[in-house]
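Chemist: One structure is given below, represented as structure tokens, and several questions about it will come after.
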Amino acid sequence: MAGNFDSEERSSWYWGRLSRQEAVALLQGQRHGVFLVRDSSTSPGDYVLSVSENSRVSHYIINSSGPRPPVPPSPAQPPPGVSPSRLRIGDQEFDSLPALLEFYKIHYLDTTTLIEPVARSRQGSGVILRQEEAEYVRALFDFNGNDEEDLPFKKGDILRIRDKPEEQWWNAEDSEGKRGMIPVPYVEKYRPASASVSALIGGNQEGSHPQPLGGPEPGPYAQPSVNTPLPNLQNGPIYARVIQKRVPNAYDKTALALEVGELVKVTKINVSGQWEGECNGKRGHFPFTHVRLLDQQNPDEDFS
């Protein structure tokens, strides 16, 4: 299913000058396909498409050739002798940002299409904290996690606290940007020296140290897939191969258990990223990031 946003509504997806760290703070933990567009801080005139996908935040550079267009571009024609700007992301070229966003509503970037812009309400919710305002804890014991929403850690790990929904269970982030619930009795409060904070907690999926808010962009950019369209179930059955094991909660009878290498018949594609399908004679829902779609033109090549 394609995204449910208006690509012509600039205010919903364009954030202007926003650092990579700020983008990660807004998108980390959001569902797959939530995104924003911002100005590149290292390449004036270019843009960056930041997207929550596959349990991390990916950043795709959008290069602009010629005069930079307004966002969204004005319908007025460029002056004589001035070539209209072209926007390039990976191997694809577009006349405008709305056209680019429309394309990735129905084509995969890496593991997701664009579903919806990140909510503006998160900007004022306190989600973006300067390093000196953040709260940290240090692990006293190893914790392997008991279910999918837990954050495993080792004794001595430094974690950043994001939220305290329960007295004995807090939401935290580790040095790789992974988030989850941690048991409070397993940790102690920790106050790092301000100069060493960036060495303790990473700010993006590449594992590089976070930069001050508004600082330069660390790490490389992701590259979108080449013309991977969202499949259409109306054209016939769609099959996928499991690439990540899934052990669902025992109390959720509608969830589908998956083993790496198994074949899944996809029966419904939901915009939330929770797909429905059949595997080993059972039906249920599963995260689409746990499977890889087979080549629908030559599916027999992947059935072995």
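Start at 1 and count along the chain as shown; that gives each residue its number.
Even glycines carry a Cβ here, placed using N, Cα and C.
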Chemist: Can you check which of Y47, Y221 Swiss-Prot annotates as phosphotyrosine?
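Modeler: In Swiss-Prot, Y221 carries the phosphotyrosine label; others show none in the record.
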Chemist: Quick check for the class: what is the C-alpha distance, in angstrom and rounded, between Y239 (phosphotyrosine) and Y108 (phosphotyrosine)?
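Modeler: Rounded to the nearest whole number, the Cα-Cα distance is 17 Å.
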Chemist: How does the model score the domain 'SH3 1' (132-192) in terms of mean pLDDT?
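Modeler: For the domain 'SH3 1' (132-192), the model's average pLDDT rounds to 83.
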